[in-house]
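Colleague: Here it is, the structure in full.
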Amino acid sequence: MTDNNQNNENHENSSENSKDHHEARAGAFERFTNRKKRFRENAQKNAESSNHETLSHHKKEHRPNKKPNNHHKPKHASQKTRNYAKEELDNNKVEGVTEILHVNERGTLGFHKELKKGVEANNKIQVEHLNPHYKMNLNSKASVKITPLGGLGEIGGNMMVIETPKSAIVIDAGMSFPKEGLFGVDILIPDFSYLHQIKDKIAGIIITHAHEDHIGATPYLFKELQFPLYGTPLSLGLIGSKFDEHGLKKYRSYFKIVEKRCPISVGEFIIEWIHITHSIIDSSALAIQTKAGTIIHTGDFKIDHTPVDNLPTDLYRLAHYGEKGVMLLLSDSTNSHKSGTTPSESTIAPAFDTLFKEAQGRVIMSTFSSNIHRVHQAIQYGIKYNRKIAVIGRSMEKNLDIARELGYIHLPYQSFIEANEVAKYPDNEVLIVTTGSQGETMSALYRMATDEHRHISIKPNDLVIISAKAIPGNEASVSAVLNFLIKKEAKVAYQEFDNIHVSGHAAQEEQKLMLRLIKPKFFLPVHGEYNHVARHKQTAIACGVPEKNIYLMEDGDQVEVGPAFIKKVGTIKSGKSYVDNQSNLSIDTSIVQQREEVASAGVFAATIFVNKNKQALLESSQFSSLGLVGFKDEKHLIKEIQGGLEVLLKSSNAEILNNPKKLEDHTRNFIRKALFKKFRKYPAIICHAHSF
């Protein structure tokens, strides 16, 4: 073949290749156009089908507020939706999917430009997802006022008022323990003065769960004021038992049993109880809808994914409200200093199994009487290792009976024995479940340890499991019980066994999850001392809540919240009332002050008889002291006081001597000054004066 022929053939082949190439490109473009057309048509059909199904579904559900999804074909700019950051339909975009147009460009400029639009769209989606507050009506003048009466600046005693100008609800009514030195005071309850002021607009008391620090004050409140009381069955069951003890059975007529996931109207509020995990059965968070916006109150909580009853926190409902837009979150701060997550209640089981398996004698397990899951687990392992179960302690027996009767737990009755039957069984066949984990002097465990219990004393071979942590303020009491148990040579499993107790409160990672689910505009950390709520504030800031949208409250503070603002508007009288738990009676503040005075400075008592004419003490006058000096020195002290009074009477005028009240005050003032000069303290003075 010649060179010319070769060139001609190459030219012909090149022309044919070029023609084939152009035909291939035309075919590819046609196929691309047809594919895009089919894509749009299918997407439109799917959207129409989805609209039809959605509309039919909403008709069945009777939810008129839900509008059919017609976003694929907006008729007017006002109909554009923010759903999935979709502002408009481009030629190459169908329902959140964009096709690439710059397929054959030489570089990547157009391709990257299209990708960048996708990045911007997804960023917009994320921003709106994290901040759904645009759904709130910022022009609304409605607001709510939050007033904590207990539970802030302290551990326990939780009580809070949420109110509008015309309506109010009270969330929880709990008790707390007194500090050392409040002699004869067993529990503290919130001051109800503010409730008396607003009683005409209180629509109800809302209970989150049945722990004592949330329900312990209810009988004392109902002795003064009565309102509808809303709660889940266990909460109302335990409150009802308290009412029986206080002679308030008739007030059960105020009880309202609620169902979770079912919003109800209470005054001007719409409230939904949302299942939450905690260290007691049937705990709830609250979704409170108001004209100003939605409020979420977590109650006490942790996020337990493997709870004993297999009923985890209802994260869906929390997220549901978060997507709708939440104005205010009030969240549990108790464990705000604890990093990570709180272990599941179910992690206790292996430790119990090991301890019960290895125990040679009796097993005595003490925990909070309200921690029914903990008690239930202990009893199950007692049964597993063929032990008879003795439940000892009034509150423990009561709570367990109520939980069984209501169907929360199921246990064979034949496994249980009474306290007076324990001695009939070998030690390795007995489990005693009892109260006293906080070292209470009247508890069953304390009385066993001090040989004061009628039927049971601690033996050297006993294994005592204290499955609880000391509440702040109770450390000394718990230590005292531990000392008694160890002196009895019992084996004690307490804090060195980290896996026999877990907290019921959320640690930092769970608090973060709650904040991310709810995405509140404003945040009020609750439940804890000031250092706890301050640490919770830092966690909230890390989760995107602006610092200016967070306020740290104390008991008595009044904070007003609206869609566009949060501010402190005042302070009301708050404080504590004292209760003698043995008599179930309140103790006047003045009595507590007198007891403190006597404890710190002692008492001096004087009953004097005066001869007015001689201006002298009669021999029948009597003096005594307590807590000032020892018995040996008391006579010398009394002689000093008598001598001083003789001098005082000689210089007293007739007006004082003839008026018993003035004579008594005159004598008291002299004794008070004399004792202060001698001891540099003011003892309590008991003085009676008579003149003849």
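Glycine is no exception: its Cβ is also placed from the backbone N, Cα and C atoms.
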Colleague: Which one, His501, His527, His532, is listed by Swiss-Prot in the same Zn(2+) 2 site as Asp213, His214, Asp300?
Modeller: His527
Colleague: Have a look through His275, His278, His320 and flag the one Swiss-Prot assigns to the Zn(2+) 1 site that His209, His211, Asp300 belong to.
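Modeller: My reading of Swiss-Prot gives His278 as the candidate in that site.
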Colleague: How far is it from Lys635 (N6-acetyllysine) to His214 (Zn(2+) 2 binding site), counting Cα to Cα, in Å?
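Modeller: For Lys635 (N6-acetyllysine) versus His214 (Zn(2+) 2 binding site), the Cα atoms are 53 Å apart.
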Colleague: Cα distance, Gly504 (substrate binding site) to Lys338 (N6-acetyllysine), nearest Å?
Modeller: 12
Colleague: Please report the three-state DSSP label of His527 (Zn(2+) 2 binding site).
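Modeller: Its secondary structure by DSSP: coil.
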Colleague: I need the most crowded of these binding-site residues: His209, His501. Count other C-beta atoms within 10 angstroms of each C-beta and give me the top one.
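Modeller: That would be His209, with the most Cβ atoms nearby.
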Colleague: For Lys141 (N6-acetyllysine), just count the other CB atoms lying within 10 A of its CB, please.
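Modeller: Around Lys141 (N6-acetyllysine), other Cβ atoms within 10 Å: 10.
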Colleague: What are the other residues, in sequence order, whose C-beta lies within 8 angstroms of the center of the C-beta atoms of Asp213, His214, Asp300, His527 at the Zn(2+) 2 site?
Modeller: Gly151, Gly156, Asn158, Asp172, Gly174, Thr208, His209, His211, Gly299, Asp332, Thr334
Colleague: By CA distance, which of the recorded positions (His209, Lys324, His527, Lys548) lies nearest to Lys650 (N6-acetyllysine)?
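Modeller: Going through His209, Lys324, His527, Lys548 one by one, the closest to Lys650 (N6-acetyllysine) is His527.
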Colleague: Should Gly504 (substrate binding site) be counted as helix, strand, or coil on the basis of DSSP?
Modeller: coil
